[in-house]
Amino acid sequence: MSLTTVILAAGKGTRMRSALPKVLHKVAGKTMVQHVIDNAKALGATTTNLVYGHGGELLQQQLANNNVNWVLQAEQLGTGHAVAQANSHVNDDDTVLILYGDVPLTKQSTLERLLAATPKHGLAVLTVNLANPNGYGRMLRVDGKLVGIVEQKDASPEQLLISEVNTGIMAVNGRLLKSWLGNLSNNNAQGEYYLTDIVAMAHSEGVEITSAQPDHPMEVEGANNRIQLAGLERAYQAWQAQELMLNGATLADPARIDVRGTVTTGEDVLIDINVIFEGKVTIGHNVEIGPNCVLKNCSIGDNVIIKANTLIEDATVAAKCTLGPYARLRPGAIMEEDSHVGNFVEMKKTRLGKGSKANHLSYLGDAEIGEKVNIGAGTITCNYDGVNKAKTIIGNNAFIGSNSSLVAPVNIGAMATIGAGSVITNTVADEQLAIARGKQRNLDGWKRPVKK
């Protein structure tokens, strides 16, 4: 028995007021439907079927890296009709998990609980109890057992009082699902083929029906407009903030961070306001992150201080380093232990050695910088000739004077000193002093120009 998922993503989403298909709107930096696809993968689904309609070409472009079966629903005739389009991809002995492309926050643990409750030859429904169930299909029970689902528009006044509602997410045996889908009717207030009708069919055939519930109602909320989308974003970010705090991070304001990927932190981490985490971020112990920083796909060692407005992307920062304010580490930047990068310093594809410092106004690209090197303010590695990139190598304990230009490819030896304002184009040997600038001239009697 294998797991097959069917993800419904055919809706146009007119209330979004957007040319973008609804399921391509993002929560936490990732499209809603990608959240759902990732969940299916994490559950070990052997087949993922994505039922699409509106904006199919754009969907396929943006989700091209996913291994899914693309299933067209040419006419939107209801959820039952949508699932039926995937029948040819469903085996009789499969467990079929039905998910929704605009319901991105369902936790893997919740779906695992639903699957664990699914009878081998039966049906399990994910339900939730709501204080205000308006708009949802109500779960019908007799002596505690599920017997059916009634949609809001078809419900009686008594049934509208029921607080347990259908989330739409269910798991069912493949053979039974295909049988029931073939017998659906559209004789209802909506004139649609309701997937929910299979619950009553199961009951009438004596098939076992079970249910499970999520840990939080927001797990099963969808987004039909941008207000609801913002609500999903805030719920997700609140959960991420709680997880960070439980793992040893102090947040200056839990409502003012954004996690758009995964963050792993050590103990005693301090995170100030408006910090954004993207991709995979790993943070060690005793790290301080100032306000308005962006960390993307990076590793931060223990006892690091990251000052305000610093950007770190695809970079590695070892223990005891200090960055910022207004520093930028671009892809391939590596700071070794106890190195410093200060305000308005940018690094790309550069290794800054242990104990080295670039504290002010520098660009360091395609460089290997040794230990205990001082990079003076305004220093630039001139690594690009308009076509190719070249490398700058600086030995241990070198001193680079302020406002120097190091024209790559160039090698600066250990203990070498570069005079301020120099343009270095040739190798400087170990312990040499290099000065490459115009000779100063002082002119007596010079008169400033005057306005005519």
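Each Cβ is built from the backbone N, Cα and C atoms, and glycine gets one as well.
The model shown is predicted, which means the values in this text are computed figures rather than measured ones.
Noted in Swiss-Prot for the protein shown:
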type	residues	note
ACT_SITE	HIS360	active site, proton acceptor
BINDING	8-11, LYS22, GLN73, 78-79, 100-102, GLY137, GLU151, ASN166, ASN224, ARG330, LYS348, TYR363, ASN374	UDP-N-acetyl-alpha-D-glucosamine binding site
BINDING	ASP102, ASN224	Mg(2+) binding site
BINDING	ALA377, ASN383, TYR384, SER402, ALA420, ARG437	acetyl-CoA binding site
REGION	1-226	region 'Pyrophosphorylase'
REGION	227-247	region 'Linker'
REGION	248-452	region 'N-acetyltransferase'
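Checked against ASN224 (Mg(2+) binding site) by C-alpha proximity, the recorded positions GLY101, ARG330, HIS360, ASN374, SER402 yield GLY101 as the nearest. Cα-Cα distances to GLY11 (UDP-N-acetyl-alpha-D-glucosamine binding site) place ASP102 within 10 Å, out of the recorded positions ASP102, HIS360, ALA420. Ranked by how many other Cβ atoms sit within 10 Å of their Cβ, the binding-site residues LEU8, ALA377, ALA420 place ALA420 at the bottom. When the recorded positions LEU8, HIS360, ASN374, TYR384, SER402, ARG437 are screened for a Cα within 10 A of the Cα of ASP102 (Mg(2+) binding site), the ones that qualify are LEU8. Taking the Cα atom of each, TYR384 (acetyl-CoA binding site) and ARG330 (UDP-N-acetyl-alpha-D-glucosamine binding site) are about 16 angstrom apart. Cβ neighbour count for GLU151 (UDP-N-acetyl-alpha-D-glucosamine binding site) (all protein chains, 10 Å cutoff from its Cβ): 19. Around ASN224 (Mg(2+) binding site), taking its Cβ as the centre, 14 other Cβ atoms fall within 10 Å, counting all chains. Checked against ALA420 (acetyl-CoA binding site) by C-alpha proximity, the binding-site residues LEU8, GLY78, GLU151, ARG330, ASN374 yield ASN374 as the nearest.
Looking only at Cα atoms, ASN383 (acetyl-CoA binding site) sits nearest to ARG330 among the recorded positions LEU8, GLY78, ARG330, HIS360, ASN374.
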